[in-house]
Amino acid sequence: MRDPFDWLDPALDALHRAHWYRQPLLSGTPAAVVSVGEPPRPLINFCSNDYLGLANHPQVKAAAIAAIQQWGTGATGSRLLSGQRHLHAQLERAIAQWKGTEAALVFSSGTAANLGTIAALVDQRDLVLGDAYNHACLKKGARLSHATFYEYPHNNVAALAQLLETHRSQYRRCLILTDGVFSMDGDVAPLAKILALAEAYTAMVLVDDAHGTGVLGTNGAGTLAALGQSSPTIIQMGTLSKALGSLGGYIAGCQALITYLQHRASTWIYSTGLSPADAAAALAALEQLQTDPSLRQALGDRIQQLEKGLQALGCPVLPRPLPTPIFCLPAPDPATVLQWGQELQEAGCWVAAVRPPTVPFSRLRITLRADHTPGHIEQLLAALAALLKCC
């Protein structure tokens, strides 16, 4: 019999030739300095989404350990069967209060939250419009829903308005998808203008705020809070796995929406509930976030330091209406960005060399943490300065 997997080796060879293959290995605890590779070597970590350093916070870890001791390691079932725990309801109430919504629903991941919510809200009778730079799971969710799906150029509100004017009247429902903070560039969606269009054309808006959650707005409530925006059309999505240092994703919105998703979002219905440890860790992280402003202040200081340093080096920095912890430096091709990443590692800095198909063009993606020191940023800037001289 012919091997049905004989296509895999050529496919993997193609990944290597295109410089798309990746498999980094970390040792030890998450922190500003981590051990990378085999044999492990210490590098300043500019790849992490643990923006506030809460994944290694003593009180967050203690909460997770205590939850395991009290409730065990797993939820042991889907939440509509045997997997519902008091911790889940407690976490969802805390998220809703934090986000200023009537209710919230916790999923096993941010991707599951997006895929399940989009498929529950729209189908082949409906219209979905999304920013071209949206996270991959928003795009995948739109396609899996079988709705008619159009992308508009990045942050181009005029193009979005034209799509709504041309197509909206032909469909039952309309859902607009956008990141709050775009994950690869760190820029921010023009949410006020998008929400105005949504209200004018009777459209729902799902804002994926994975990278604004915990970082922007009062008490880290996110991009919408930072911009002072609210609307009955909004569906707020965020993660527990980035600034909150745990695992999972959530949807926050009106009570009717959340009740509907509990009975129609397949990625929630058919998944085991979030583990007690993850739920407890997220709750503890939320408490730290809202009671200890020093974490966000430290992150803001490092963002400001790096932004000024990059400008002094003449690096192209995107306009930043809000202080997000993501910076990108374009590269001409995958081979070059891999070389840059290797040279930065030799200088003691671990920076993500991001290539297609994750992004349309290669770039260095720099992310900051609250526990980075001024010296860490200075070392990165010195390494980038040396790199630019050689280019």
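Placed from the backbone N, Cα and C atoms, the Cβ positions cover glycine too.
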Pyridoxal 5'-phosphate binding, same site as Asp208, Asp209, Ala210, His211, Thr239, Leu240, Ser241, Lys242 - Swiss-Prot member from Ser183, Ser230, Ser231, Ser266: Ser183
Output field, pyridoxal 5'-phosphate shell: CB within 8 Å of site CB centroid, site Ser183, Asp208, Asp209, Ala210, His211, Thr239, Leu240, Ser241, Lys242 dropped: Asn49, Gly110, Gly212, Thr213, Gly238, Ala243, Gly249
Integer Å distance between the CA atoms belonging to Ser183 (pyridoxal 5'-phosphate binding site) and Thr358 (substrate binding site): 11
Distance from His135 (substrate binding site) back to Ser183 (pyridoxal 5'-phosphate binding site), taken between C-alpha atoms, in Å: 7
Cα-nearest neighbour of His135 (substrate binding site) within the listed binding-site residues, Asp209, Leu240, Lys242: Asp209
Distant-in-sequence Cβ neighbours of Asp209 (pyridoxal 5'-phosphate binding site), under 8 Å, six or more positions away: Asp179, Gly180, Val181, Gly222, Thr223, Leu224, Gln236, Met237, Gly238
